[in-house]
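Student: Once you've had a glance at the structure underneath, I'll fire off some questions.
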């Protein structure tokens, strides 16, 4: 059953429950990461295993990522001011860019060390018992961290989507409003249950688990074959992990540059936004539509909407804002409604659709 909409306001408060839960999970994960990085570094030193040190590097990249996510949550709660009118959301992107560069440099050093071990037969000094124990603890640790990040709690329910006349409970439906106040149900979407930063951290934890299983496999091979030549698997594992780190960070770097270049976010289709706004009753034309990300998961939009002579601007602006918030989850919305000029707009280059 459709509910009566609440009085319209263009700004809606972001619920803090999701952010509090996300901060708690990230803080616990960072503490666990630091603890195990110290333990694995000791294990790598005792076993003389470069694969363990490479795994420590991977954990270090996750530590940086988690820390950046945590900082981004704190910064997102810092209010905008006259100097930083959009707030401090873009600081997250700068932090990610720095962390990727640091990871690449450290990975290069470890690959150089691995090549040196292969050339000069240093890999034969690997101690399988210490390596096996450390790798086993690593697998257990990553399962624990994944469980922490994947745990369900009421404080982590999504509060990031503004409420405009509907709720995000399991039996709710999205509602569209026409300029006359009529209600129209939209396609039902599943509710979101986790903060975007926690989701990213969970993906990292799953990747860490796979990598720890690989280190454990290498340790088992070295332990039970008991042949010096099989210890070559340790530096080879370093090269494999370097490729994994490179592939994962390249995708992150791509997202960073998409934000810095202000391209349309991957999860939003330009044509879908244009078509949806153009379907509003009384709208003649959509132009000057610009969509860009402020940071990952927080997008902005600016659009000009032209109307007929007998259509009220307020109704179109209200409907457009609700659509952009509920259907596309834009964080910052600027809608300009203007009267359609049949003599100028059809021939104006700036009013035409983008290629």
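From the backbone N, Cα and C atoms, a Cβ is placed for every residue, glycine too.
Heads up, TrEMBL stuff is auto-annotated, nobody curated it.
Under the heading domain 'Cation efflux protein transmembrane', TrEMBL lists 26-261. The domain 'Cation efflux protein cytoplasmic' feature in TrEMBL is assigned to 265-340. According to TrEMBL, the transmembrane segment annotation covers 57-75, 96-119, 131-149, 201-224, 230-253.
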Student: So which of 57-75, 96-119, 131-149, 201-224 has the most C-beta pairs under 8 Å when paired with the transmembrane segment (230-253)?
Tutor: 96-119
Student: Would you kindly list the residues that approach the transmembrane segment (131-149) from elsewhere in its chain, counting only those six or more residues past its ends and only Cβ-Cβ distances under 8 Å?
Tutor: 25, 28-29, 32-33, 36, 39-40, 43-44, 46-47, 49, 51-52, 55, 198, 201-202, 205-206, 208-209, 212-213, 215-216, 218-220, 222-223, 234
Student: I'd like to know the mean pLDDT over the domain 'Cation efflux protein cytoplasmic' (265-340).
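Tutor: Overall, the domain 'Cation efflux protein cytoplasmic' (265-340) comes to a mean pLDDT of 92.
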